[in-house]
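Working notes, beginning with the structure itself.
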Amino acid sequence: MFAFFRSSSNEPDGTLYNKLIEAIKSRNSLEVLALIPKMKNEELAKPNIYGNTPLSLALNKKLEAVCEVLVSRMSDKDISIIETYVEHRETYFTLAAIKGFKGVCENLAPRMSNEAINVINARKHTALTLAADKNLPQVCIKLIPIMFDEVINVTENRHKDSALRKAIWNDLDVVCQMLIPVTSKENINYIDVSDRTLLILAAQKGMKVVCKMLISRMIEDNSLDIINHVISKGELKGESALSLAEKQKGFEDICELLQKSHEEYKEQKQKENEKKCEESQPKKIISEDINKLLNELKDGAYNNKNIIEFSISAKIEKLEKNANDLSEIYTNIQDIINHNKNTKAKLLALEKHLNQIIDAQTINTEQQISLEALGDVSVEFSNSRGV
């Protein structure tokens, strides 16, 4: 591209190299471009005494045209160097992407080694997150097929943004469509500091295909709650993906998908609430029955009434935490109550029954308070249910 700068020279490469470095430092692009054709390829990749190569210096000085020429003269091995001598681990690509050098990035991407292209720097930037952030769709398209999934899903330190979120933010439709299938569930379901999901952001920007793909992926991941997320703060407070999609022209099919998802989500929540009620009902009934028994003990007749109540309640709590079926326990408690006429006998049999279950499960209980203080009573205990 810059062949007209070529000329013969008998000057030693070392002297040319020093001139090149000084010209780059002084941002003298014309002199740099005149010197490059006179030098050998290996000289152009050589670091100076401070560890800086001509390319890293040119990137630092924002000499985009110089960078493009240097990349064209360097070997694949030389452009794949990972700079570890500085505090932040960088490659030529990450440095170029930070500067927004589109041409340099496009030339580097297909030639770099897998290790270099998948570098994660100290700020958790990757080649892909930087390219998406700098709105370089063609570079992203080249990167995605050659990057590891775990690197694609890295989120940068400051805003915890994934490559997909950056691509949505910059309206990079094709890039988003490539990323959605390989993005993790965690990143797909990410809610940002403004309380927006990726789906909400895509709907807000009118990215129809991206919305459709996100909905499909989120349904596949059973993330109906994220699909139906409602923003709780800021200017968009009260908005959802559905309400934002309804404001976009040509989004009728997207709205239909979201409405269907909303109905499924409501049904799912209703079933969850019903299940919780069913699970809590036996415990409620058990509690009522125990309280009724305790109330039958006349106040003052037994000094350890509160201890009894605490002991039994603690055992039931432990059984519940260990995923026991309280419905079955409730049925057995009813048998105990029906088979024992004396209140003290009922309570003693009840504790004995709970202890049997606990002992069978080798549960280590802190509460081993016995009801024997109630006195000797005749107990009828039914264990026919094999608990």
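Sequential numbering from 1, following the chain as shown.
Glycine too: its Cβ is placed from the backbone N, Cα and C atoms.
The coiled coil annotation in Swiss-Prot covers 251-278 (among others). Averaged over the coiled coil (251-278), the predicted model reaches a pLDDT of 86.
Summarising the annotation, Swiss-Prot assigns coiled coil to 311-352 (among others).
Summarised by DSSP class, the composition of the repeat 'ANK 1' (50-79) is 21 helix, 0 strand, 9 coil. Residues annotated as repeat 'ANK 1' in Swiss-Prot: 50-79.
Look at Swiss-Prot and you will find 88-119 tagged as repeat 'ANK 2'. Across the range of the repeat 'ANK 2' (88-119), the DSSP-based residue counts are 19 helix, 2 strand, 11 coil.
The repeat 'ANK 3' feature in Swiss-Prot is assigned to 123-154. DSSP states for the repeat 'ANK 3' (123-154), grouped as helix (H, G, I), strand (E, B) and coil, give 21 helix, 0 strand, 11 coil.
The annotation repeat 'ANK 4' is assigned in Swiss-Prot to 159-188.
What Swiss-Prot records for 210-239 is repeat 'ANK 5'. Under 8 Å from some Cβ of the repeat 'ANK 5' (210-239) lie the Cβ atoms of residues 168, 173, 176-177, 180-181, 185, 188-189, 191, 194-200, 202-204, 245, 251, 253-254, 257-258, 261-262, 264-265, 268, all in the same chain and six or more residues away from its ends.
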Long-range Cβ neighbours of the repeat 'ANK 2' (88-119) (under 8 Å; 6 or more residues past either end): 55-56, 59-60, 62, 64, 67-68, 71-72, 76-77, 79-82, 125-127, 130-131, 133-134, 136, 138-139, 142-143, 146-148, 151
Positions on the same chain near the repeat 'ANK 3' (123-154), where near means CB under 8 A and six or more residues out: 88, 91, 93-94, 97-98, 100, 102, 105-106, 109-110, 114, 117, 161-163, 166-167, 170, 172, 174-175, 178-179, 182-184, 186-187
Remote residues contacting the repeat 'ANK 1' (50-79) - C-beta distance under 8 A, at least 6 residues beyond either end: 1-2, 20-21, 24-25, 27, 29, 32-33, 36, 41, 44, 85-86, 92, 95-96, 99, 101, 103-104, 107-108, 111-113, 116
Residues of the repeat 'ANK 4' (159-188) by DSSP state, where helix covers H, G and I: 21 helix, 0 strand, 9 coil
